[in-house]
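Below you'll find the structure, written out as structure tokens, and then a few comments.
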Protein chains: 2
Amino acid sequence: MKILKNLLGFVPGNLSLYKMAFRHKSVATFLKDRAKNSNERLEFLGDAVLGSVVAEVLFKIYPYKDEGFLTEMRSKIVSRVNLNQLARKLGFNELVEFDPKSVNVTSKQSSLLGDAFEALIGAVYLDKGYDFTKEFLSQRIIKPHVDIHTLELTETNFKSKLIEWCQRHSKDISFEPIPNEVGENLKLFTIQVLIDGEAMASGVDYSKKNAEKFAAEKTCELLGI
Amino acid sequence: MKILKNLLGFVPGNLSLYKMAFRHKSVATFLKDRAKNSNERLEFLGDAVLGSVVAEVLFKIYPYKDEGFLTEMRSKIVSRVNLNQLARKLGFNELVEFDPKSVNVTSKQSSLLGDAFEALIGAVYLDKGYDFTKEFLSQRIIKPHVDIHTLELTETNFKSKLIEWCQRHSKDISFEPIPNEVGENLKLFTIQVLIDGEAMASGVDYSKKNAEKFAAEKTCELLGI
């Protein structure tokens, strides 16, 4: 309770919501139908509210950046890796209830802490409303803990990542332009990734470089790289 | 202006925001940096706000459904197809400004109207705030125009869609279980789609059937089916 109040900076209203936010599915019980008293439904809600708040923060910080830039910045901020780190820094490992026999919380793959962070946002939203949650996230989380300008500079270079992966697995990779169809905007480039001749994801943008980047990013995601 | 007032059901405050929401990139001019005075930045914001409002609506309508169900329902509601239809029904084709030489608005692939719908939500949000936008969307858009319970029943069967596609293109398809790694939750199934032996997307769930469904859905998306 003390940790929670310190973490939030306000007195929570509906405590049972916050308790649920910290309850991992490994210790949850079924309520009715397929619903559990775990944090997963709150995580669904919190993820959406977080996405919306971060979208607005970026929209206002960067009035002259296009939607591609904004989307990329948001992905960096709300990435699993980033949310897990953030939740760990905020002391979530002392707050989340889980079954240590079925979950390895120290594993890099584990998103238990980041998921609980999103669930907490869902709880704050239901307890206090959108404007309060926005203020809480901006002032208490983003401002002190998220270095937006550093994230702006950390470029995730999906193209080189993908090329390296193909080299390691002895696969041929190429980035092929796809001609525009009739009626399509002629200024747009479509680039398709081929691996060993097999079509992977494609990307579209006004610059060829960005189209390649998007195609590489989607292919990385697809291959789980 | 009259159409806009009829559509919104309220008097817009900042008119220039609404004008921008209806301006497609094909008629936009560059402002500064890579930003255009088109509706794309507003679409980024509106998409996020819409996702959040729909998440809450579903969270409250379905108190006993799990996050998988909620996520699927939201995808159906905010799908491009659904938003395009909705925007058309709301008369957006009379409101959106675009260059008919570079865009074919009647093409099934065109998401011009749905994009403008999201941009409009971004404009309403900046003009009137979250609670107003939520009320507007729930009362004026979702309640009269979105039949949630019918959407619940329309099952998009990605698995059969994918199998049919493979038959049509004479490709072998199989759904292969992937063994859990050490430390992973033993109750989870991971299923990988293989097409002609080539790994496509995979899905993870507590039920094998759902894991197959997710894998099929992601593969459909990847292949543009």
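Using the three backbone atoms N, Cα and C, a Cβ is placed for every residue, glycine included.
Here TrEMBL flags A:1-129 as domain 'RNase III'.
Sequence annotations record features per position, and here TrEMBL assigns Mg(2+) binding site to A:Glu43, A:Asp115, A:Glu118. Within its own chain, A:Asp115 (Mg(2+) binding site) has A:His24, A:Asn39, A:Glu40, A:Glu43 as residues 6 or more apart in sequence whose C-beta sits under 8 angstroms from its own.
Residues or ranges marked as active site by TrEMBL: A:Asp47 (among others). The Cβ of A:Asp47 (active site) has 24 other Cβ atoms within 10 Å, all protein chains considered.
Sequence-distant contacts (6 or more apart, same chain, Cβ under 8 Å) of A:Glu118 (Mg(2+) binding site) comprise A:Leu42, A:Glu43, A:Gly46, A:Asp47, A:Leu50, A:Leu83. In three-state terms derived from DSSP, A:Glu118 (Mg(2+) binding site) belongs to a helical segment. According to TrEMBL, the active site annotation covers A:Glu118 (among others).
Positions annotated as domain 'DRBM' by TrEMBL: A:157-225. When the domain 'DRBM' (A:157-225) is classified with DSSP, helix, strand and coil residues number 27 helix, 21 strand, 21 coil.
Excluding A:Glu43, A:Asp115, A:Glu118, which define the Mg(2+) site, the same chain contributes A:Asn39, A:Glu40, A:Leu42, A:Phe44, A:Gly46, A:Asp47, A:Ser111, A:Gly114, A:Ala116, A:Phe117, A:Ala119, A:Gly122 within 8 Å (Cβ to the Cβ centroid), listed in sequence order. Checking the binding-site residues A:Glu43, A:Asp115, A:Glu118 against chain B with a Cβ-Cβ cut-off of under 8 Å leaves A:Glu43. In this structure, A:Asp47 (active site) is part of a helix by DSSP. For the domain 'RNase III' (A:1-129), the model's average pLDDT works out to 90.
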